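What follows is one structure encoded as structure tokens, with my remarks underneath.
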Amino acid sequence: MLIDGHGRTVDYLRVSVTERCNFRCQYCMPEKPFSWVPKENLLSFEELFLFMKVAMDEGVNKIRITGGEPLLREDLDSFIKMIHDYKPDIDLALTTNAYLLPQTAQKLKDAGLKRLNISLDSLKPEVAHQIAQKDVLGQVLKGIDKALEVGLGVKINMVPLKGINDNEILDVMEYCMDRNIKIRFIEYMENRHALEALKGMHGKEILSKVKEKYTIHALGREGASPSFNYTIEENGYEFGLIDPHKHDFCESCNRIRLTAEGFLIPCLYFDEALSIAEAVKKGDIEEASQVLATVLKDKPKENRWIEGELEEGQEVSSRAFYETGG
């Protein structure tokens with residue numbers, strides 16, 4: 001069992017396999033010159049897997065593959081199969097924009113993937129284009145349909161932005177209702193890599209939009225999830241709200257993150273990280289385990305909003321979210 005320096009059980013590892021993405025979403029990585037990590041600096045699947053085995057052997061039972069856009073990494077299904085074959089009962093999920101799912105969903109399912117978290121910020125082609133800076137909606141919807149068709153579990157994430165897609169909260173939620181998919185509204189998190197003009201909706205504003213049509217009741221958080229859940233009285237549908245500015249989910253935080261070049265990150269809201277790259281490149285399991293232990297010991301107790309270090313509008317970290325998968 002993995003325990004951090006504040007007595008929390010850590011059993012969830014998020015693994016970024018690439019920082020690259022085929023979208024340029026305004027809240028994450030809008031058009032600008034990027035200093036991509038050279039391909040030769042990325043850890044191989046075998047190197048990533050060596051560390052993941054250490055983590056799984058010591059208590060990790062939930063893994064999410066992220067990016068960037070993870071489906072851009074070649075032979076991702078073989079990596080999924082490595083993980084599944086090593087620990088078939090692992091809760092294995094992937095975060096994606098769904099653009100490449102029409103041609104990859106079946107392979108991912110066959111490899112052992114269980115669930116997908118998919119970003120869907122608009123059902124209007126022109127708004128989806130505005131956010132992603134690419135004509136994406138038709139392909140994304142096909143990807144969602146394909147994922148459901150092959151039997152993958154699906155959750156939808158939406159980032160409501162003022163003046164852009166804030167009038168679609170009910171539309172996107174009802175799209176999910178019709179397909180028995182859970183939606184989670186994610187409050188926009190300020191960062192230096194997003195467009196400066198963006199303004200996100202606060203959690204209470206998102207809930208107010210839902211209340212314009214439905215009666216809702218709070219359910220609370222499920223386990224260590226950062227999502228605060230609600231149910232709709234009229235039909236029993238459940239949805240979630242991830243509101244890092246207001247809801248203190250740090251006390252039950254159970255996750256750490258590994259980047260594609262081997263940095264182990266204890267908290268998304270801080271820059272601190274340690275590299276496991278040297279250890280896994282030489283196959284040193286003991287050293288990799290020691291790095292993991294150090295990161296757990298130094299994992300912050302609370303995020304920086306809760307500590308009062310940040311005021312509204314300030315960024316959480318200089319590290320781009322596309323480097324860590326959020």
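Just so you know, glycine gets a Cβ as well, placed from its N, Cα and C.
Look at Swiss-Prot and you will find 5-227 tagged as domain 'Radical SAM core', backed by sequence analysis.
Residues annotated as GTP binding site in Swiss-Prot: Arg14, Arg64, Thr95, Lys155, Arg255, Ile256, Arg257. Ile256 (GTP binding site) falls within a strand segment according to DSSP. Annotation for Ile256 (GTP binding site): spatial neighbours Val10, Tyr12, Leu13, Arg14, Leu264, Ile265, Pro266, Val295, Leu296, Lys299, criterion Cβ-Cβ under 8 Å with sequence separation of six or more.
The Cβ of Cys25 ([4Fe-4S] cluster 1 binding site) lies under 8 Å from the Cβ of Ser119, Asp121, Ile131, Ala132, Gln133, each of these being in the same chain and 6 or more residues away along the sequence. Swiss-Prot lists Cys21, Cys25, Cys28 with the feature [4Fe-4S] cluster 1 binding site.
Under the heading S-adenosyl-L-methionine binding site, Swiss-Prot lists Tyr27, Gly68, Ser119, Met189. In this structure, Ser119 (S-adenosyl-L-methionine binding site) is part of a beta strand by DSSP. The number of other CB atoms found within 10 A of the CB of Ser119 (S-adenosyl-L-methionine binding site), across every protein chain shown, is 23.
According to Swiss-Prot, the feature [4Fe-4S] cluster 2 binding site maps to Cys250, Cys253, Cys267. Counted within 10 Å of its Cβ, the other Cβ atoms near Cys250 ([4Fe-4S] cluster 2 binding site) come to 20, all protein chains included.
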Same-chain residues at least 6 positions away from Cys253 ([4Fe-4S] cluster 2 binding site) with a Cβ under 8 Å from its Cβ, in sequence order, are Arg8, Val10, Ala224, Cys267, Lys299
Starting from the Cβ centroid of Cys250, Cys253, Cys267, the recorded [4Fe-4S] cluster 2 site, name every other residue in that chain with its Cβ within 8 Å, sequence order please. Phe249, Arg255, Leu268, Tyr269, Lys299, Pro300, Lys301, Glu302, Asn303
Which entry in the list of binding-site residues, Arg14, Arg64, Lys155, Arg257, has its Cβ near the fewest other Cβ atoms, using 10 Å as the limit? Lys155
Reading the DSSP string in three states, the entry for Cys267 ([4Fe-4S] cluster 2 binding site) is coil
Give me the largest Cα to Cα distance among Tyr27, Gly68, Ser119, Met189, the residues the record lists as binding S-adenosyl-L-methionine, in Å as a whole number. 16
Using Cβ-Cβ distances, find the residues under 8 Å from Arg255 (GTP binding site) that belong to the same chain and are at least 6 apart in sequence, listing them in sequence order. Val10, Tyr12, Leu13, Arg14, Ala224
